[in-house]
Amino acid sequence: MMRIGLFLLTNLAVLVVFSIVFGILSSVFGLGSVHGAGGLNIASLAVMCAVYGMIGSMISLFLSKWMAKRSTGTVVIEQPRNASEQWLVETVAKQAKAVNIDMPEVGIFDNAQPNAFATGWNKNKALVAVSSGLLHTMTPDEVEAVLAHEIGHVANGDMVTLALIQGVVNAFVMFFARIVGSFVDRVVFKNEDGPGIGYFVTSIVMDILLGFLASAIVMWFSRQREFRADAMGAKLAGRDKMISALNALRPAEARPDQMPENMQAFAISSGQTQGFSIANFFRSHPTLDDRIEALKKYTPGQS
């Protein structure tokens, strides 16, 4: 639950900061003429929200590989130092060739919890990394399946897709928050002289409330991408290997997630939530049981 709370607070903090900056630029400098004598200029507001909503997501996307390396301490394998590293590089190269993408960077990060992630702004400029814990606890067949899962994320363009979705929902949040803020300012506070305290306070409050809904939407898309990456893992490595790899993650799922907050949506697993919980709406990954059940229904050739 702490992981989910931190994730939501981070996203909401970003929205609030954008809200404050947006308010200063539009009211003090008149940027975009969002506020006019008759109230909000809806067209200008829509354009400005779209721009501001996408900026943060695009910056995060382009910095994703650099941030991932720093936050996880990933060491890229420039020249394999042992048979294990050589096998990792060769396996990723084989899988990348199978899905027709350029060879990603391959790295290892020091973490006792078995995990892995893929990131990068472009499918041909990606990074695939595995934890030391994964290499120590999984069999070669299971590691192969995990790598295939991550290559699936890269080949499917999941990093770009989630960044675009986050940008779109951020834009909608900012847009509707300001619509409500303007309504409250004019109708409740009877302010006809431009944006007042009612507008700014209401906009920030609505940013927070709508931000929760936006996070749930983004996480729903994230869960769907996990199913697709699992299917790619089954296609490249074999269904039995993929199921075995997911089963091998069960002990780790019972422990708190050790991945940095900004990387949890791109890892192969996240903390487990038993039974129904509101927290399930904010999970970046489906439960292992759901993922394994989907794989059992998978047939070769299925996308």
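Every residue gets a Cβ built from N, Cα and C, even glycine.
Quick look at what Swiss-Prot annotates:
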- E150: active site (ACT_SITE)
- H149, H153, E226: Zn(2+) binding site (BINDING)
- 4-24: transmembrane segment (TRANSMEM)
- 42-62: transmembrane segment (TRANSMEM)
- 157-177: transmembrane segment (TRANSMEM)
- 200-220: transmembrane segment (TRANSMEM)
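The structure, with features from Swiss-Prot marked on it.
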residue	record	Cβ neighbours (10 Å)
H149	Zn(2+) binding site	28
E150	active site	29
H153	Zn(2+) binding site	28
E226	Zn(2+) binding site	25
Quiz prompt | H153 (Zn(2+) binding site): secondary structure state under DSSP, collapsed to three categories | solution = helix
Self-check item: Rounded distance in angstrom between the Cα atoms of E226 (Zn(2+) binding site) and E150 (active site)
Solution: 10
